[in-house]
Amino acid sequence: MSLMNTYTLENGVKIPVLGFGTWQTPAGKVATDAVLAALDAGFTHIDTAEMYGNEKSIGQAVKASGIARSDLFITSKLDNQAHTYELATQALDRSLSDLQTDYLDLFLIHWPNPKAFRDHDWEKHLQETWRALEDAYTAGKVKAIGVSNFKPKHFEVLKKTQKIQPMVDQIRICPGDVDRLTIDYCQQHDILLEAYSPFGTGQIFANETLKALAQKKKRSVAQLCLRWSLQHGYLPLPKSVHPARIKENTEVFDFELTESEMQQIDALKGVAGFATDPDTADF
Ligand SMILES: NC(=O)c1ccc[n+]([C@@H]2O[C@H](COP(=O)([O-])OP(=O)(O)OC[C@H]3O[C@@H](n4cnc5c(N)ncnc54)[C@H](OP(=O)(O)O)[C@@H]3O)[C@@H](O)[C@H]2O)c1
């Protein structure tokens, strides 16, 4: 496997196995420099969202890189305030314009049950929103559509009205935080799992088990976490704004974890906290 390897989504679209995360990467020079460093290190897959506030900077970096659009895989996600058909359609157009592109490779519903709609028929809003994504897909504005932070119950809501099943679920997966029920559901339904916060948003690095194992393997804890995720068949999305770390995070294809090393990592519980509950989150 290498950085050029891809998974194949249910509709045949190829998606690079490692993506570059950009949450909490401030818009402006920090974001453009980080994306340019990621492209330079060989990343071809960039993950952003309207709610990250950095799509314009990412679009500028992609333009400045001179890399052909067709050689890149760009994902964005829907604003939590936009869970109606019209608002979702407008939000996608905004992302396309900010990213200076006429299509996205993947567009996701960021959150199944945002606070703004929770007490206002959220299920109907979710179904309507999904219909907007299906129509955008049919119109060719997006090459693939999916969701994020969905649990089986949210998929069941979509199922009542969907014409197209989500192709991706982007959820928090890192050593110690593995939502078995959701993972099993996605694997049974041919929904690719993208693993966000593969380092528990930086909380994983203090873990002694991982530190010892990293030392034994002559690798960093970051590389160990990414390798563990890839060997499980997930698509990890590491974020960094430091070029040396960005490069380090791509160097995960020239070593392997043994079955017992995988099991040692699988046995960790809560070492970097747990995902926010999508049905009670304060946003
Ligand atoms: N769909 C969702 O709801 C959702 C939620 C969260 C995240 N995501 C996506 O997943 C991506 C990753 O998740 P995340 O941002 O929560 O965090 P993460 O990738 O788990 O961890 C990022 C943290 O680790 C540090 N770091 C990165 N590489 C390192 C290395 N090699 N050595 C030491 N430290 C390193 C970074 O610091 P520096 O930047 O200072 O290097 C940052 O503090 C996001 O950026 C976003 O694209 C999606």
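Cβ atoms are placed via backbone N, Cα and C, with glycine included.
What TrEMBL lists as domain 'NADP-dependent oxidoreductase' is 18-268.
The DSSP secondary structure for TYR52 (active site, proton donor) is helix. The active site, proton donor feature in TrEMBL is assigned to TYR52.
The Cβ of LYS77 (site 'Lowers pKa of active site Tyr') lies under 8 Å from the Cβ of THR48, ALA49, GLU50, MET51, PHE107, LEU108, ILE109, HIS110, SER148, GLN170, each of which sits 6+ residues away along the same chain. In the three-state DSSP reading, LYS77 (site 'Lowers pKa of active site Tyr') counts as strand. What TrEMBL records for LYS77 is site 'Lowers pKa of active site Tyr'.
According to TrEMBL, the substrate binding site annotation covers HIS110. The number of other CB atoms found within 10 A of the CB of HIS110 (substrate binding site), across every protein chain shown, is 24.
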